[in-house]
């Protein structure tokens, strides 16, 4: 349990805790990033590039229609190691862009920001450093609720002054590209802040690399992006699917986040007894979220999806031929061919062919008494009903 505690900020309350029979305090993993950092630290690895697809658990309110579950798969890609600024970060964004384009989920947008820019904004707006993380988790709600609600939470619950909240509001509602970065670099207050200046300098570099990758069309530098997790230290990003309600809408509506990530340079050091740091940047794709969108799309289009990869069904037309089916299917399996048969001693041929049609199995290999006598198999194309003996 202590591996997970103190890494996620406000989200800590979503961790599933459990006690085993010996009274040891355990917890189910909340994401794949913290275990990755622990692994690097324990094995003294300073350089690694890897992907990992596995289950994680969150004590969340499930909303299955939106692909939000308590047990779900994440697909993570991370680059750990000491490299020059923004090169691995740009590659992570390129990968998100490539995946979302290849899946053909429709229009998407990758929002990018930097924790240092956010902290710089909080500092110049008069937020004490001890309240940065609280302010951050409140700003993170901007994609779900309007600024007025976020402002009242900042003032009411997080103890910020109304003036500070209003100044933050002027910044966090900005979004754009290189032009916005240039403008903020000239901003009289922000340009005096060391953190913000560093973050904006790196952001400019990132956009130069993304331009070379040819993907800036789908990327937006968005100051409202905060990502609620504590461990991010630099660049942060989140991919959202856009959903055109109807033709008259200027701004497309977001369906929700399907991927997110960022730079977490301090996490490995938290697990290292000597506090040695390994800089890391990574991205996580939410598989269920994407599946629920693909499923809705299939339903709407009325397309039939094949749920099996079986290439051939081994069938028999008469009774007492189970032995022939078992022998033939065994040969097909040994040859690496994906084959099935019905688990009945004497199924009717029509039933077997109907099963092929229902599941989309393209071929039926039929062995009857005549075929056995001739030493052949009748291969039937289920869709066209053509047959060949071989």
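In case you wondered, yes, glycine gets a Cβ from its N, Cα and C as well.
TrEMBL has this to say about the protein:
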BINDING   31, 32, 33, 58, 74, 78, 227, 231, 232  L-histidine binding site
DOMAIN    51-317  domain 'Aminoacyl-transfer RNA synthetases class-II family profile'
- [ ] Please determine which of the binding-site residues listed here (33, 74) has the lowest count of neighbouring CB atoms within 10 Å.
- [x] 74
Task: Integer average pLDDT (0 to 100) for the domain 'Aminoacyl-transfer RNA synthetases class-II family profile' (51-317) - done: 90
Open item on the list: Taking only same-chain residues 6+ apart in sequence, whose CB is under 8 Å from that of residue 227 (L-histidine binding site), what do you get?
Closed with: 140, 236, 238, 260, 262
Task: Residue among binding-site residues 31, 232 with least C-beta crowding, 10 angstrom cut-off - done: 31
